[in-house]
Amino acid sequence: EENLLAILKRRWWKYMILGIIDIEANYLVVKAYQYTTLTSVQLLDCFVIPVVILLSWFFLLVRYKAVHFIGIVVCILGMGCMAGADVLVGRQQGAGENKLIGDLLVLGGATLYGISNVCEEYIVRNLSRVEFLGMIGLFGSFFSGIQLAIMEHKELLKVPWDWQIGLLYVGFSACMFGLYSFMPVVIKKTSATAVNLSLLTADLYSLFCGLFLFHYKFSGLYLLSFFTILVGLVLYSSTSTYVAQDPRVYKQFRNPSGPVVDLPTTGQLEPSVTYTSLGQETEEEPHVRVA
């Protein structure tokens, strides 16, 4: 019942749109490095966090507590601290001829990343992680190949191919494969917001590698930034978010393979609140309480 043809027949256009969104999110952020500085990319890429929060609030009905917002603010402050350290040590790689275009590309990519992550959270929680990876891989490969042939074929021909460059491409592909394979698992256990907050530390890891590979200058602010982000993550994860579920919404968007929830046709329907734990993964359908 859930084979490839059946999934394509029911939801092909949805996965097609999601695949295009995910491709363009990656493309816009990478393209931005040609126009703006690394510091600007790091700062503006944080825009994905408010996008995910807003979309989760309105479409996934996730509700946050005060400690969550405090943790988010602390994480963003840590990211700002790292950007300040970049300025102090003069690490401004990626500066191009038009900083405004680069900044706009980053904001556009961050917005598309937020949409993609929220859609991913909905799919892995209500449908299937395997289905998400299969469909995003199918449509992503197809449209990415078309975009490569149209927009990047000249640049591809200019690449001086040798075994070292080939090995770098293989390594990059392996890292992206691992990211996309593990990310749905983490999103299902936590949330899209928690994942994006955790990804703020990725710039620190790239810095640590750059210290040995490219001899970057070191600043104590980098360590301060790293620990500030970790404190923000601990604060965010210290308590669970909860999902405010209106029974009418739940019945409309419930998992088709799950049990049917019968709702009364008369009387006033009151929204209920279901608490979810970040530490445990459950395959059961959430309970709906109707007043």
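Cβ coordinates are placed from backbone N, Cα and C, and glycine is handled just like the others.
Nobody curates TrEMBL annotations by hand; they come from automatic prediction.
A quick note: this is a predicted structure, and the numbers were derived from the prediction, not measured.
As recorded in TrEMBL, the features of this protein are as follows:
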- 12-30: transmembrane segment (TRANSMEM)
- 42-60: transmembrane segment (TRANSMEM)
- 66-89: transmembrane segment (TRANSMEM)
- 132-151: transmembrane segment (TRANSMEM)
- 163-182: transmembrane segment (TRANSMEM)
- 194-216: transmembrane segment (TRANSMEM)
- 222-244: transmembrane segment (TRANSMEM)
Best-packed against the transmembrane segment (132-151), counting Cβ pairs under 8 Å over 12-30, 42-60, 66-89, 222-244, is stretch 12-30
Comparing 12-30, 163-182, 194-216 for Cβ pairs under 8 Å with the transmembrane segment (66-89), the winner is 194-216
Per the Cβ under 8 Å criterion, with at least 6 residues separating them from its ends, the transmembrane segment (194-216) contacts 42, 46, 48-49, 52, 71-72, 75, 78-79, 82, 89, 91, 113-114, 117, 183, 186-187, 222, 225-226, 229-230, 232-233, 236-237, 278
